[in-house]
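Below you'll find the structure, written out as structure tokens, and then a few comments.
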Amino acid sequence: MTNAESRTVLRILDANANRAGEGLRTLEESARFILNDLSLTERLKTHRHDLAVAMRRWNRFQLIGSRDTPGDVGTGVQTASEQSRADLSSVIAAATTRTQQALRCLEEYGKTADSEFAACIESIRYQCYATFRELELKMAGLNARSRKLVEARLYALIACEPNADYLKARIAELVDAGVDVIQLRDSSVDDRTLFEQAKLGAAIAAERDVLWIINDRADIAVASGADGVHVGQEELPVDAVREVVGPERLIGLSTHSIEQVRLATRTTANYIGCGPTFPGKTKSFDRYPGCEFLTQVSDAERSGELTLPAFAIGGIGLGNVEQVAQSGIGRVAVTGALAPHDGLHQTAMGMREILERVPLRITPDSSDVCPLPND
């Protein structure tokens, strides 16, 4: 190559080494702070380190000396999509694409002067393909659950069934009736039974495209492959539960006052249950915050103070769901009203019709991923 050609290659290598390093660091931050995934974070850091080692085969001062940012015509070429990112997944998608392309450029132009360098970059590139795949799939799973959650209207709580066939039938009738989220709640069975039904329910729910939540038991939620866990004010703190279930799964938290709602927004909870609204048959309480509490929650949503989906709970059925809707809440969690009976489908559809009159302020666009722990 001529001196001019060699200098051009150095410019290309310098630009793409910077681009690949920046992309890898962006992805490392996502694995570290969004997913809290130690393995992915370590692997991305290793890729970044391996790239730095490979670049040592080139004289750093020659690389820097070849750099001509003011004279680079490419710095002024931009597209509209480069200036915005729809959500965190789009940040990751852009970074993986940019990194892969930069590595390929390093490999191809490196072949003109150093075949061993090119081979090193090729190895890094293939390792990155595997890492990036895992990273994007984990982000996709996290986003899919969050999107389903914020679009949900009807949440049913059920107990364990006598056998697998009964559980399949129970889930099927709820899904067919328009239920979006199903929680398995049963303190009367042993752990093995709860786990087996939780695992079966998780598989069925995934097939039917509904969310499957386990009450109280974060360990069983993880072991069974459930979408999340719901805890009360007396159970493990939300941030401790997050340590168990990881960033991919949803966490719901029961709240009984506007003060507890405000505290919930400072945790990594994904949604809240608000109540009890009315007296019900499954649980008894000393006091019922009622629709006055729901109005406070709705006001908090309207003001932007609350950015978590809120489900009214407690004694709600077709006969009183209108009061919930008038409070400004368009999501409910139900037990008795959706217990097996001949009119279950009509009850669920009737409740849903009323709830859908209430606009959802917490939308997929405003809550694309689960809340993240503080850095």
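A Cβ is built for glycine as well, from the same backbone N, Cα and C atoms used for every other residue.
Sequence annotations record features per position, and here Swiss-Prot assigns 4-amino-2-methyl-5-(diphosphooxymethyl)pyrimidine binding site to Gln183, Leu184, Arg185, Asn215, Ser254, Lys283. In the structure as shown, the Cβ atom of Asn215 (4-amino-2-methyl-5-(diphosphooxymethyl)pyrimidine binding site) sits within 10 Å of 22 other Cβ atoms.
Annotation for Asp216 (Mg(2+) binding site): spatial neighbours Arg185, Ser187, Val229, His230, Val231, Gly232, Glu235, criterion Cβ-Cβ under 8 Å with sequence separation of six or more. For Asp216, Glu235, the entry in Swiss-Prot reads Mg(2+) binding site, with the evidence type similarity to another entry.
DSSP places the residues of the region 'Unknown' (1-127) in helix, strand and coil in these numbers: 101 helix, 0 strand, 26 coil. According to Swiss-Prot, the region 'Unknown' annotation covers 1-127.
Taken from Swiss-Prot, the feature region 'Thiamine-phosphate synthase' covers 128-375. Here the region 'Thiamine-phosphate synthase' (128-375) returns a mean pLDDT of 91 for the predicted model.
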Under 8 Å by Cβ from Ser254 (4-amino-2-methyl-5-(diphosphooxymethyl)pyrimidine binding site), counting only residues of that chain that are 6 or more apart: His230, Val231, Gly232, Gln233, Ile272, Gly273, Gly275, Ile313
Most crowded position, judged by CB atoms within 10 A, among Gln183, Leu184, Arg185 as binding-site residues: Leu184
For Glu235 (Mg(2+) binding site), the number of other Cβ atoms found within 10 Å of its own Cβ: 17
Local backbone state of Glu235 (Mg(2+) binding site), from DSSP in three classes: coil
